[in-house]
Every structure is written in C-alpha cells, then in structure tokens.
Ligand SMILES: Cc1cc2nc3c(=O)[nH]c(=O)nc-3n(C[C@H](O)[C@H](O)[C@H](O)COP(=O)(O)OP(=O)(O)OC[C@H]3O[C@@H](n4cnc5c(N)ncnc54)[C@H](O)[C@@H]3O)c2cc1C
Ligand code: HEM
Ligand code: SF4
Ligand code: F3S
Ligand code: FES
C-alpha cells in the first residue's frame, strides 16, 4: 500500500474534474486520479454545444436561459442554482475561449451558436440560437482544452488509477482509496477535500450513448458510505441514438433543421399532444416519448422499433419553408449539402462507419437511447455534498458533473446544459475545495484506511462460482431498458426490481478468470457491475415510489404531473437489503410551476 | 451471420516469458465491431483478455491496436470492412507491451507534453471572446480533431527505430496551436520541433496518415510545420 | 516485467503501410545501394587510374556488366523519381493531401523511363 | 487574413541537412539535364548509343564516352565539364553520405555512438570527395 498526501484530490478527469482541478490547483496542492487517461473521458463524446446566452446571432438573455432550464426540468430544478448557472454561462464560455477553445465562428469572428431543444426566445416561443459549438465536437474541444491547460498549469495526474472508496470519518472526509490498474497496488490519497467527478451510469441500460466506463462509480462509492443519492429515477433518454447501437446523433442535427419521420413518412412531432410549436426541438423527454408512442402504434419504420431522422437538404428545406423558419438576419432558412457537411462532420463519419449510409442523401435510423443521469450525489451550488433533507453539509466532500446533483436539471436536462454544468460548478467546487483546504487541517486517517476497498476486491478475486458477469450485466440492461426506460408502470418496475435483486444475489456467485494484479480488468469490470446493480436498484425503487409523470420519469399508470404531492426531490440511501427514501424541498425563486407545453 | 477466426496476441507479464497467440472461432454479424468480438471473448471465453476501451464509437482513442497488420480503432472497424474471415489483433508497435493489447502510453504522452500543447497568449483577456475569422479558424481545424489514440506514432517506422522521435501525434498537436491565429507561442514550438528528434525525423512515410482514425492529414501537417520552420511564415 | 519495445525488421516489414511505405523502403535501399556502388565505382576508377590495380579493373568489370547496369539504373531512376516526389511534396505541403495520386504519378513516370533503359540495355547486351 | 510570421532562429545540423538533401536533389537534376542537353547538342544523337548517353548524363566524364563513335572529343573534354563533374561529385557524394548518416542515426539516439559515427562519416565523406576530385582532374 502506498500513501500520498494532497490538499485536494479530484476523482475523475472529464470536463468537471479538470475544471475543478484547474481552479483548486491555483492555491492548493492538487492531484487528479482517473481510471482513464484524461482525454479518454466521456466529455469528449459530447457533440452539440454548450449553452450560454451570448446573443451573438440574435437577441438572448440569461433570464430566458434560466426560464427554459426551469421549464425543461419540469419545475423540479432548484431555481437558485439554475439562475446562478445561467448567469455565469456567458463569462465561463468566454473563459473557455480565452483558454484557447477553438469554437466555430460567425461571419464577424464571434463564437458561433445554433438552436437546441428546449431553448427558446421567451417572447415568441421560437427556438433561439444559444448553443455555442465547435462543429459537432464541442465536448472533445472542451476536454482537450481543459487537459491542455492542466498540463500548462502542471496539475498532478494519476492516470489509470481507479477510485474504489472514499474515506469518511465522523469529522468529515479524509481521502480516497484507489487501485493503480497497471500494478494492482492500492494507494491511499490522504486529502482535506475530495471532489468526485466520475461521470454517469448509462451502462445500466441496454441501448445507451454512454461509454463502457460509465458505470456510476462515484455514486456507488458514496452510496456504500451512507451518503444518499438524489433524484435517481430521472434518467434521460435521448431521442436520437443510432438504431441498435445507441451511438448518439446530436440534437444539433435537429437544430440544423433535421426532421423526424415515421413509417408512414409523416413528420409526427407536429401532431397535437406532441410539440406542435417547436416540433423536433422540444425537450428530450417530450420527443423520446412521442417516438415511443409512434413505435408503439406500429408506426416505426417497417413496423420495427426505429424511426428516421432526416437531414437531407431537400427535407430540411421543405419543412423549413413550411415552418417559415428564417435565419437570424431574416432571410429564409435554406441549407446545402456542403453546409451540413461542414457543421456535422463527425455525425456523417459515424453514419458512414457504422451504418454505411450518408446522411446528406439518406435518412438515419434512430431510436431513443439512455443518455444522461439527472440525479446523483446531492450537492449545493458550490458542489459541497449534502447528506439529508435539511441540506447538512458533509465537510470536505464535493461532487460535480454528471455524478453530482445540484440540481439544475431537475426531472429533465436540456441539451447543452450538461457541459455548462461541468464548467460552472467544476470551477466553483474547485475554488470552494481549495478554500476549505486552506482553512482546515488534515483529518487523521483511520486505522486501516484501505480495508473496505480491499475487502471488496478480495471477495471478487476469490469468487469461484459459475455465473458469468456478462450474463448478469446483460440481463440487468435488458430488464432496465424494457421496464425502467422511457415509459414505466408499477408492474414493469416491480418486475425489474425483483430481477435486479435476484441478480444481486447471483452476483455473489460469479466466476472470474483473471487472478493476477497487472491490468486485471476482469476484477474491475466485476466491481463496476456491482456499482451498476446498486444504481439500478436505487433507480428502480426511487421510480416505483414516485407516483406521477414528470420530465424523464413517465408512467403509464400516473400520466399527469402531480405538483401537490411530488414537487420534491427524492433522496435514497442504500441499505443492506433495501433502499430507504426521503424527500427534500425544491427551491423556487421566480418561476411558478405551469403546465409544460412545447 | 458470418464465421470468422479471431487470432489474438496474448502476453501476461505475470505468467508468460514470451507472447503467444490464441485463436477463437465464432459466428458474428458482418456489422459487428472488432471490439464487440473482443468483448465476447472476454465475457464468455477468457476473462483474462485485456485491452483498453471506453466510448465504443471512435472518439476517445482508447482502443487503437493492430488489426490485420494495420493500426486501427477496434471500435471503429467492422468485420465487413476487413474483407476477410481471418482477423488478427495485436498491440501497437514501438511501445512496451504491458499485457495483451495494452501498451505503455507514457512515452507517447511525454512527447505530447514536450511540444507545449496548450494555448499561450499572455495579453490581457478581452471582456468577450477573441475574434477569429472563419478562415483563420479553418486553418487549423484538421489537427484539432486528434484524440491521441497513438495509432499514427506507433505506425511510424521512424518512431519504431528510435523512440526519441517526438512522433506525428505530438507534431499534430503542436500544429494545432502553431497555426491558431490567437496563439503567441509558435516560435517556441517551432524551436522545439526544429531538432534532431523533431520534424526532421519524419521521412514522409505516410503510415501515420493512413492509420489516423480521424482522417487527419498528418503528413501534411508535418510538412506545414517543416515549411514554417524553413520560411518563418505561418499562413 | 514487460515486453521490449523493439520492433524487429521482420515485424516492421509486416506492417501494412501500403504504397508510400514501400516507396520509402525502396528509396532508402536504393540510396544506400548507390552510396556503395557509386562510392565503389569512384574508388575503383581511382585505383585503376593510379595503380592500374587489378581489383579496380575487376570492380569496374562487374560494374559495367549489363545485369548490374540494369539493377543500377533501376535504383538510380527509382530514387530520382521518388526523390522528386518527396521534394515537390515538401515544397508544397498542400499537395500532401494528394499523396495517393502522387504515388500513382510516380510509377507512371518511372515505368516508361525505365522501360526505355531496359529495352536499350537488353538490345545492347543480347544483340551486341 | 492577417499574415503571421515568426523570427527564424536556432540553426541545427538536421535542419541544414534536410534543406541540403532537397536542394542537392534538385541540383543533381539540373546538372543531369545540363549534361543531357549539351550532349545532344554536341552530336550524341548520332554518335553514341543511349546507354552511353545515360552514363554521360549522370556523370559527364570523358571516360564514359571514350569508346563511342564520337569523332571530335574536344568539346567533351574541357574544364567546363570538369567543373560540372566536380559539382556532381560534391552534391552526389555529400547527399549520399548524409543519407547514410541519416539511416544510421535513425537507429542510434543521441548517445556517444553518434559522435563516433559522425566522425567516421565525416572522414568517409572527405575521403571519397578527395578521391573523386582526383579522378576527375586526372582523367
Ligand atoms: C454522446 C454524448 C453526447 C453529449 N452531448 C452533449 C452536448 O452536446 N451538450 C451537453 O451539454 N452535454 C452533452 N452530453 C452530456 C455530457 O457530455 C456529460 O454529461 C458530461 O460530459 C459528463 O462529464 P463529467 O466530467 O461529469 O464526466 P466524464 O467526462 O465522463 O468524466 C468522468 C471521469 O471520471 C473518471 N472516473 C470514473 N470512474 C472513476 C473511478 N472509479 N476512479 C477514478 N476515475 C474515475 C473517468 O476516467 C473520467 O475521467 C453528452 C453525453 C454523451 C454521452
Ligand atoms: C536526382 C537524383 C536524386 C534525387 C532526386 C534524390 C532525392 C533524395 C531525397 C529527396 C532524399 C531525402 C529523403 C528523406 O529525407 O526522407 C534522398 C535521400 C537519400 N539519397 Fe538521394 N537523391 C538523388 C540521388 C542520390 C544519389 C546519387 C545517392 C547516392 C550516392 C543518393 C543517396 C541517398 C541516400 C543514401 C538517402 C537517404 C535515404 C534515407 O534516409 O532513407 N541519392 N534522396
Ligand atoms: S493524429 Fe490521428 S492517429 Fe495520431 S493520435 Fe491523433 S487521432 Fe490518433
Ligand atoms: S509515418 Fe512517420 S515518417 Fe513521417 S509521414 Fe508519418 S511521421
Ligand atoms: S473505445 Fe473509444 S476509440 Fe475505441
């Protein structure tokens, strides 16, 4: 066992982790530990853009952004935090630009922007260009830029170190236990502040846009240490994943004018009850649900479980004319193949590689894909982890990015708001963590700090049963996709919960081939699966209890939102054989709940 | 469904003195990714098989390896693209093999870090964005796409011969800043690359350009850097 | 423990680099071969001229043998044509995007020139 | 588009030799062309066969045409051609020897071996150059 001491330890090197590390390292000794090389983080997969009301192309205001986000969250987002994020957005985007981020440019050399689902001009209700982008690789550029700046600022990295446990004492947090993947050695990082930024857990579901590494480690680790997880029932399904593979086709495609088409060749989003106003650019839960309903009514392409996303210039121009869409300067909106090529190069590359089709001439087969966890480790707007309904702070522990829940996304996240969340709250948690470190001492490490982590690993290493972890994983993914997906019912979810609990029992009887210590990915994959199972259980229990439909949580048996009973955040604690729930109030400032129509 | 033979390079430092190959026969879809086949082997045949992967759609750079003798991303190569039933997967060349397909990427990142791969402009930041024309932005667009997968550097015979060569990936990342009109440190980077182990190690072999999964015109980028050193002109 | 990073010649040659990689290998081989042959020819000339050396004469006899000449012309012309490709691409890096076409063009240039030499030398050797 | 430039600085052997390899390659072309065109003007089309012509093109030394049907060797043997030959020798040998250095240095990093090799190659270069010049002047 090796031991290190840093004032601030950041777990995870995606957009959130790197931003936090950059700011923390300005005043405190800081280490970043990451199970992937930082540039492999899933932030790099984000395509469409980062939301900020710069107003570079047309009128826009942070207040509008705030309202859209509140509405998008189905009023479950905490409005003080949302206001804070949207106000900070323009300056933080400028800051990224000053760090060298190569945004796409407008004619007059400013950062270019495109429309995105749920972002509107509050006066007219029409889509507004708010997503600042760099072609369709905005996340890639953010990740690269932040990593480059980290190198410039000499941040200390522990690459390919997998965090397994956080050390929580009665006085607060004392550090992190991690495994050096290359050697199998356990390292204890003694720290004053620990920031979790380990990303999401989309791998719980069968069809997902998420990376193999998205196994919810941060949430699972803290759950096992008695820290609750908030709003886990809200998991976003992105409308347009490549059929069967789940690879994401950015909402930017619809922003550029792409339309969704059903098996009868109709543009169904304009139907009454879906989103007659903004159509394809409604928020994600709305579009995913509409697609699901179409497919359920047998209107999938050839009756199968997919639909077409069409961005060929003919279709785009046809419907832009019908909609009367104009460019910001007032001229009618028309696109050419070249324009689509230059704005969506990676999407075109994906389609050519995986589908053998060219989106400039052919429609893309798409289906909803598990995409983003709105819930996570509960925090305040400085990323400080809070552990009960009264928002009691756990000193020294922070969570940001997808694994944190501020909550700015409430029941449904708007596109482009996650990248914004990463950098805004990444920055502030980094500052806060360093400030806390400056004002407090190291909490002594307990007797045997790595015991719990080692115990988990030993159990896995010595496992000698007959279950394949792949089988358990696949069964979990399937049942979760079928029953805790876009649409949910009491019956389906109960079934899923039974299955998850059965799988958890079967997990105790797994068989692992690799007993070594060097790059033992077998054990780590099994450990990650145990995280997914815990998260699946917490998600399902939280969802079963919430008897209403709100945002991404849509129930056939309770189709209406119920503000009287359910305008509150779920807090879930993982117990030995059960999940304990409690609820906490939503923060309101300006906006009263209204019915949500697009 | 299609019958294929998958031959995998195997080396476990804890038990093996020398590497060997394992062969698996399996039925797969022509549209399966090579990565899917490897996941299948790992899941059901031999859990000790080790390789890196994350995003599974060619954007994170984890899974570059030698497939049928050529560097590719396992997650961006479909069985049907290979046009054969025999698939051989081996680790990239020129880096130390740690286990199976996993190579030691440290030297690669050290070279990357050596070329000042970060934005430098010490003038006070303006209140809003620094302006840049669409053409100036386009100038270095190609090299911003790099995902640091290492496929290029490990396909370069010049790098195989001598690991002190900074390698195409590092030059690509220097290029991204040298030709960014907002950046101010081009001279320093050119100075670094104007070295025995800098751009002049490049013998215009083109393996890098062919290998790059992001279709970056790497040799062109290197050529532009060479030319910039020779002429002092950055346009 | 880990494997050595060394790439053996054999492993390197097995890498599927395609046309440009083979062009480079041949450029290198032809360059080196020329250094030795041309160097040898110069020294042989020197020895013959100065000392009427038997060795010098022997070397030059081999040198002037038609088979040797064919090989030498092959190397020289290949190296010269390929070298020109490299020089042009270096002067105008923008052309590097057309590297595949450049390789084609190079062979299109090489084949007639070498074909001519082949015909002439063979006619000389066999006919005369 | 604004024009961006940087001050050139930091000369090093590899840069100079990189440039030299390309320039010498072009020079060899130019010299070869000179030899070829001049030979044709001097009557090579009727008086020599093609292989002789090619040999002359690569190296305009009278010994390369001596056994041909050329009647008047006068224009083929003079100090102009001696200068051309010396240029060919200089560019060719330096180019070739530097090529040898490049190949070798690909495999030896910046160790003391390199110093040794550079020394050896330098003397090899000098030797061949001197010998070649001697041959040129003597023939
Ligand atoms: C395909 C796709 C497209 C998207 N497009 C957009 C978009 O256009 N706009 C937008 O706003 N949002 C988008 N999102 C959402 C957004 O990109 C993600 O939510 C966000 O990038 C998450 O960032 P993060 O920093 O929290 O996590 P990540 O970037 O995923 O980083 C997680 C880090 O944690 C590390 N880690 C994980 N577990 C451990 C462990 N146990 N020990 C040590 N380290 C660990 C990983 O190595 C990694 O470095 C998209 C998401 C996807 C999947
Ligand atoms: C018109 C004639 C020639 C041209 C156009 C030419 C061109 C070139 C060029 C451009 C290079 C550089 C390759 C690089 O940097 O990657 C080169 C390398 C080389 N040349 Fe020539 N050359 C010519 C004649 C010769 C001659 C006559 C010799 C031998 C005496 C020679 C020997 C070499 C060698 C040994 C190399 C190094 C090869 C390597 O590094 O791989 N060349 N040549
Ligand atoms: S340049 Fe291409 S091959 Fe090289 S590291 Fe970057 S993405 Fe990979
Ligand atoms: S393969 Fe190597 S030699 Fe140059 S063109 Fe690419 S870096
Ligand atoms: S897994 Fe990300 S590039 Fe292959």
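Any Cβ shown, glycine's included, is placed from N, Cα and C.
According to DSSP, residue A:284 (active site, proton acceptor) is assigned to a helical segment. A simple way to gauge crowding: the CB of residue A:284 (active site, proton acceptor) has 25 other CB atoms within 10 angstroms, across all the protein chains here. What TrEMBL records for A:284 is active site, proton acceptor.
Taking a C-beta cut-off of under 8 angstroms and a sequence separation of 6 or more, residue A:418 (FAD binding site) has the following same-chain neighbours: A:46, A:372, A:402, A:409. In the three-state DSSP scheme, residue A:418 (FAD binding site) is classed as helix. Annotation comment: TrEMBL describes A:12-17, A:34-49, A:217, A:402, A:418-419 as FAD binding site.
Residues annotated as substrate binding site in TrEMBL: A:238, A:250, A:371, A:413. Around the Cβ of residue A:413 (substrate binding site), the number of neighbouring Cβ atoms within 10 Å comes to 30.
The domain 'FAD-dependent oxidoreductase 2 FAD-binding' (A:8-419) scores a mean pLDDT of 95 in the predicted structure. Residues or ranges marked as domain 'FAD-dependent oxidoreductase 2 FAD-binding' in TrEMBL: A:8-419.
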Sorry to bug you, but what's the C-alpha spacing from residue A:284 (active site, proton acceptor) to residue A:413 (substrate binding site), rounded to the closest Å?
-> 8
Do me a favour and check the Cα-Cα span between residue A:238 (substrate binding site) and residue A:284 (active site, proton acceptor); whole Å is fine.
-> 6
Note: among binding-site residues A:16, A:36, least Cβ-dense neighbourhood at 10 Å is A:36
Three-state secondary structure of residue A:371 (substrate binding site) from DSSP?
-> strand
Select from A:238, A:250, A:284, A:413 the recorded positions whose C-beta atom falls under 8 Å of at least one C-beta in chain B, and return them in sequence order or as 'none'.
-> none
Whole-number Å distance between the CA of residue A:371 (substrate binding site) and the CA of residue A:16 (FAD binding site)?
-> 17
Going through the binding-site residues A:44, A:238, A:418 in sequence order, which have a CB under 6 Å from an atom of ligand 1?
-> A:418
Would you mind listing, in sequence order, the residues at least six apart from residue A:250 (substrate binding site) in the same chain with a Cβ closer than 8 Å to its Cβ?
-> A:47, A:48, A:136, A:240, A:344, A:347
Cα-Cα distance linking residue A:284 (active site, proton acceptor) and residue A:36 (FAD binding site), given in Å to the nearest integer = 29
